[in-house]
């Protein structure tokens, strides 16, 4: 299942108007016609080897796009820097992106940017370029929404970047929700409490799937979980808790096609957040280091 941060984005973007961009899904058709096929094949191979990797790569994409003013600029991929900040410590999949970039460089040297080498649909607009610098720790902390976010905070956070209205989570991310919140199925809470103690620092190495029904499938089960008050994170259940997004959650829970269509639209909109284009930024030869 896609990461919860991407799915909460999906619910809010479903309520928003279109976001314009200066990108094109056919940008590399002439300069590197094998780029998209190479990237797709590499992503499929990585997910075949480990089903969880699909959600991990989407989470990487989300954490990159929502930090700097230049959106999806691969600043997160620069070794150290943002990767060492608290919200990013549990990110994974950097080795997969490095492998994809190496394969793309082999067919088209210094042509395709690192954001384009991230997992995306063939319909996702390309031509964004790489940032030469990483974001500061303060920028990372202020722009990435924590799992304790309320619905109002989620809407405001996405609104800041023009988007108005399965991975695994560590015990610390959902500890408060399963012990302190009332908007959670009590049997579900107890099942999680068995391996995630209430004590601070307890269960540091304990993981739970964000989608407990179909953790390795890409489907709309996440939204059905919310209807049953089985959202793993506080911010998950906020999407269905008597607020403005309740009807959207019901729609996605009842219609797999509505979810799939809206998800594709949301990923394109997220990729269109103030991209570096033209002569801005650079095309890195290695995603982990600026040229």
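Think of each number as a place in line: the chain as shown, counted from 1.
Glycine is treated like the rest: Cβ placed from N, Cα and C.
What you see is a predicted model, and the numbers here were worked out from it, not measured in a lab.
Sequence annotations record features per position, and here TrEMBL assigns active site, proton acceptor to 63. Here TrEMBL flags 64, 67, 71, 73, 75, 82 as Ca(2+) 1 binding site. According to TrEMBL, the Ca(2+) 2 binding site annotation covers 211, 214, 219. Taken from TrEMBL, the feature compositional bias 'Low complexity' covers 113-143.
Comparing the binding-site residues 64, 73, 82, 211, 219 on other C-beta atoms within 10 angstroms of each C-beta gives the minimum for 219.
When the binding-site residues 64, 67, 71 are ranked by how far their Cα is from the Cα of residue 214 (Ca(2+) 2 binding site), 64 comes first. By a simple count of nearby Cβ atoms, those within 10 Å, the most crowded of the binding-site residues 75, 214 is 75.
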